[in-house]
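According to Swiss-Prot, the features are:
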- 564-585: compositional bias 'Polar residues' (COMPBIAS)
- Asn317: N-linked glycosylation site (CARBOHYD)
- Asn580: N-linked glycosylation site (CARBOHYD)
- 1-33: region 'Disordered' (REGION)
- 564-602: region 'Disordered' (REGION)
- 43-63: transmembrane segment (TRANSMEM)
- 123-143: transmembrane segment (TRANSMEM)
- 156-176: transmembrane segment (TRANSMEM)
- 185-205: transmembrane segment (TRANSMEM)
- 212-232: transmembrane segment (TRANSMEM)
- 251-271: transmembrane segment (TRANSMEM)
- 325-345: transmembrane segment (TRANSMEM)
- 357-377: transmembrane segment (TRANSMEM)
- 386-406: transmembrane segment (TRANSMEM)
- 410-430: transmembrane segment (TRANSMEM)
- 451-471: transmembrane segment (TRANSMEM)
- 524-544: transmembrane segment (TRANSMEM)
Amino acid sequence: MEKAKDSLPTTGDPVPSQGTINPVDETGGSASDEKKAKKGCDFWFTFSSLVLTAFLSALEGSVVSTALPTIARALEASENYVWVVNVYYLSKYETWLTYLLRFSSAAFQPIYGQLADLWGRRWLTIGAVVIFTVGSGICGGATSIDMLIGGRAIQGLGSAGINMLVELILCDLLPLRERGQFFGIIFMFVILGSVIGPFLGGILVDRVSWRWVFYINIPFSGVCVVLLFFFLHIKNAGTGNFIDKVKRIDFFGNFLLAASVGSCLFALTYGDTRYPFSDTRIIVSLVLGLLGHVAFMFFEASPWCKEPVMPMVLFKNRTSAGAYIATFLQTLVSFWVLYFLPLYFQSTQLVSATRSGVMLLPFSVVYALSSLAGGALTTKLGRFRNIHFASFALMTIGMGTLTILNRSTSLAVIVVLEMIVALAIGVPTANLLTAIQAALPDELNALSTGTFAFLRSVGTIWGVSIPAAIFNNRFDQLLPELSDPTAVRALQRGGAYQQATSEFVDSFPSDVRDVIISIYERSLERVWQIGIVFAGVGFLVIFLERDLKLGTQKKTEDIEINDIPQTAADNSASRPNTINDTASQAPILKQRRSTNQERETV
């Protein structure tokens, strides 16, 4: 591993993979790029099962929201009902893992990439779907809140693997240039699942039973398992016996990363809400979290870490490093908007929660469609850098336009602004992973995908925590303008976020109500202003990327799906399976161009 860290280049040039090289034309593509192989039944059955599993995973993240009150009453959950939501995302996103008493396992999101290299994709994917299905069954049959929480934890563990492995398998099956359009389809269904979840949950609770919020996954997940078993055949497991493989897992790195993220999020979540930011617990948590991240990076790059779960070589290439940062910022901004637009609708426009969901539909629909369009555009052009430039530029402008929102903004203006921001956020969603892998060798696909999924997950949570902290801090600064003591007590120290409903605001006299709305308007304005900075940093980060040409050929020596094209890999005796093998080939690889990773001078 030490050789790998030292041997792989630290420049902006991608590291080509080993294989027979097709003639390269003057545009950087191979002469055979124009001919695309047709995809047969094996591929489409596999892809359909991946789409369905990703959709179900996203659906379960939101479907419970409208069913929670009914579930809480049925199981007499009282205040514990919140864990039904939190426990799902804890195991999935590795944030509060260190605080979750019911979990003793290590962090799962990044480690799935390492497990995929050691044991292969096929059985790991089937196992993740089975775990998700078992968790759904436990939740549906729950007779106590503790049983329900345990089932949600199991669901979350399965969902963590599904989200990462779906993307990784597509990387195995498709050349770089074709990945964008298929990622676009996947993300469109993921967004669709997140959007329709609350509506479906309400219908199932009203018409059938809250238990079918969970039972509905079982038949569809069963179909996915059958399809994956018969049609997904990828042989890329590592060598060695079970004990040897277990020894290669980066347990300490995973633990250190989870603890660091959890410590930072504790400070962001409870700072200025439960405790003031000057409180020792908040300061210590934030400092320990930041130091933990630094320690994690040093450990991953050190000789003590033989098999890093997040090797620093992923970030030594300027294109992959820039795309990773852009991934984090794009996800952060998307949830920044997704969570605070509804708050604006209810606290300032004074609409109901149901009406707020309807008003958010333009954002959700355009977000899904633009994700699909962005992936297709990447496949069409064979490049990604200019797409990222345009997207983040529009994202920065879009966040700026949100600062004009107030109580008198018309619905037409709101819809237009939503669509602008959604278009900007959605277009790069399906091609950021492609940009990362265009600059890295295929041997790093699993680890690069695991890191991509982790940064996206962290961006999801920070995209809520950071603007919430900004909002609460600004609201408390403006709160002295409010003279009503009842309103002050309800709104201070984080209460403003919880009380952002039309019912609460309308419960006060008109003069007090006007002041409350004004404070909400100015607090949200600060949220959008800081959001401009994050989007702007994303635009600047794109300058790190090189304008790489995406190839249309895929080496398939490890893939048994018959309709996947056989190209340069047919003449390759063996492909390096470990980073060390890749490093040993580095002097040769630097002199060659891969069929799907061509270098270009920008």
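Glycine too: its Cβ is placed from the backbone N, Cα and C atoms.
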Exercise for the section: Mark yes when the transmembrane segment (451-471) and the transmembrane segment (251-271) have three or more Cβ pairs under 8 Å (sequence separation 6 or more) and no when they do not. Expected result: yes
Sequence-distant contacts of the transmembrane segment (325-345), meaning Cβ under 8 Å and at least 6 residues beyond its ends, amount to 351, 353, 355-357, 359-360, 363, 367, 388, 391-392, 395, 399, 402, 405, 418, 421, 425, 428-429, 432-433, 435-436, 452, 455-456, 458-460, 462-464, 466-468, 471, 497, 500, 520, 524, 527, 531, 534-535, 537-538, 541-542, 544-545
Same-chain residues at least 6 beyond the ends of the transmembrane segment (123-143) with a Cβ under 8 Å from one of its Cβ atoms are 53, 56-57, 60, 75, 112, 115-116, 150-162, 165-166, 169, 211-215, 217-218, 221-222, 224-225, 228-229, 232
Task: the transmembrane segment (185-205) in contact with the transmembrane segment (451-471), cutoff 8 A, at least 3 CB pairs, sep 6+ - done: no
Other same-chain positions with a Cβ less than 8 Å from the transmembrane segment (357-377) and lying at least 6 residues past its termini are 179-185, 187-188, 191-192, 194-195, 198-199, 334, 337-338, 341-342, 345, 349, 351, 387, 391, 411, 414-415, 418-419, 421-423, 425-431
Most Cβ pairs under 8 Å to the transmembrane segment (451-471), of 156-176, 212-232, 386-406, 524-544, goes to 524-544
